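Peer 1: One structure is given below, represented as structure tokens, and several questions about it will come after.
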Amino acid sequence: MSAVMITRKVRKWEKLPGKNTFCCDGRVMMARQKGVFYLTLFLIIGTCSLFFAFECPYLAVNLSPAIPVFAALLFLFVMAMLLRTSFSDPGVLPRALPEEATFIEMEIEAANGNVPAGQRPPPRIRNVQINNQIVKLKYCYTCKIFRPPRASHCSICDNCVDRFDHHCPWVGNCVGKRNYRYFYLFTLSLSLLTIYIFTFDIVHVVMRSVDSGFLNTLKETPGTVLEVLVCFFTLWSVVGLTGFHTYLISLNQTTNEDIKGSWSGKNRVQNPYSHKNIIKNCCEVLCGPAYPSVLDRRGLMQEDSPASETSPPSSSSMNSVPQTTKTTAPLIPNEHTPDDVKPSIADSAEKTPSPKEEESPAPKLPPLASPETDAETSIIKDKAH
Amino acid sequence: PLKNTNICFHNLQELRHSASLATKVFIQRDYSEGTVCRFQTKFPSELDSRIERTLFEETVKTLNSYYAEAEMIGGQSYLEGCLACATAYIIFLCMETRYEKVLKKISGYIQEQNEKIYAPRGLLLTDPIERGMRVVSFFHGRLFTAQNLGCKCDEKSSRCF
């Protein structure tokens, strides 16, 4: 009896390592924890709905119909930017395939020479000269690559991300090279929307109170109180965040570099990526080319081994987890952490918090790979002394 | 002159998966000018007997110039950026960005280089985008004749020559 080969088109996103969730057959890419993202959506949509329901009818008639129209446009822009930031690939660097990883290991061993038994091997660092400054490229034990300059490993998503800024739980994704401008435009437009709604809430309350009295106004439009509360608290955080990122953009720095103090301090290297000109820096970050994703999420996997002829029927191929990779079903977060993910704790020293919390990255337990040889962990330990 | 060797480019794709047949040489990124995409033009010793230095350098330099063109921050990128921003980037769902257009040119160039220069020397050049733009890799293995490969091109894929 011959084996029947049932082939199903397996797309590459199903086999991608890392803790991302994918939706719409690989078109949408997000982090695993999406709770805070849903909260963001709820707050924005909820507050704007209240605004359109309670304030806009009055303001359109008594002031100008342009007010709700502009609010609607602004709201749509905010949503578009939020969804683009959340759903796009931040600039994830694919992990090295076995041949490339072996090639790099051989290069490292050749560079290190013979290490006497019992001694720790020297840290895996490659020095590179950029614009006449020496920049150290670190080796990522999880992805088995030397990280390009400005890339960092996000332990929440378990990926190396190019030009890593931070992992934003509000947006449910990392912010990196590909989606930084959308993230910035999101915070900027959200600030404008918040200020707009706040201002017109006040205007509406004042105008209506002149006619009917303050308490009656609040009874007629109870949504106003909620909106003002939400806007008030949002204003401080989002406007502050926008200001902070405007400052970073003008210096061509990332949040990650700012938190670690990579370019500040007397003995440190000066930022080699800055053009020393605010306008040039802004133009590069905001008006630069739209980088393509190097993760071919929707490409088809190649069938390359004859053993695939006896593969199980297609219905179970979604559930069958290969030893080294984790498949993720759409929109269902995977709660299990397979054992092969534990060595990635080595890079949790690189974990950067969201800008809301200001905690210093703490080095975690040393796993199979040796974090003491990671120069960055040793710098953090120096700081702690 | 390799008159009696027919190499079907279609089957060269399958060479990649047979690690036992091919050894790989990786050309790393050159970060001396910052984070722009550039590859080192230093000639690797493993390719010494396989290909002339000038041809290799020509290929890498042309690739570098393509990437520089894609990442150039100038009038056209500003226009594209501002126009896209004005439409809340919805235009990117329909339109191809300049970078994507250049990437298509690059893959066409790599295919042409493989057919003309590298395949006759038993080498295969892979597109950097398949490796996350980290490396350009060269595969080298034995030269195959049409009988070994069991050439089975259809009309759609590239020609057998």
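Yeah, the Cβs are placed from backbone N, Cα and C, and that goes for glycine too.
Among the features that TrEMBL reports, compositional bias 'Low complexity' is placed at A:305-322. Positions annotated as compositional bias 'Basic and acidic residues' by TrEMBL: A:336-361. Residues or ranges marked as domain 'Palmitoyltransferase DHHC' by TrEMBL: A:136-260. Under the heading region 'Disordered', TrEMBL lists A:301-385. What TrEMBL lists as transmembrane segment is A:36-54, A:66-83, A:182-206, A:226-250.
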Peer 1: Please report, as numbers and ranges, the same-chain residues at least 6 past the borders of the transmembrane segment (A:36-54) whose CB is under 8 Å from any CB of it.
Peer 2: 30, 68, 71-72, 75, 78-79, 82, 86, 169-172, 190, 193, 197, 200-201, 221-224, 226-227, 230-231, 234
Peer 1: Do you know the mean pLDDT across the domain 'Palmitoyltransferase DHHC' (A:136-260)?
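Peer 2: Averaged over the domain 'Palmitoyltransferase DHHC' (A:136-260), the predicted model reaches a pLDDT of 92.
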Peer 1: For the domain 'Palmitoyltransferase DHHC' (A:136-260), jot down how many residues DSSP puts in helix, in strand and in coil.
Peer 2: 75 helix, 19 strand, 31 coil
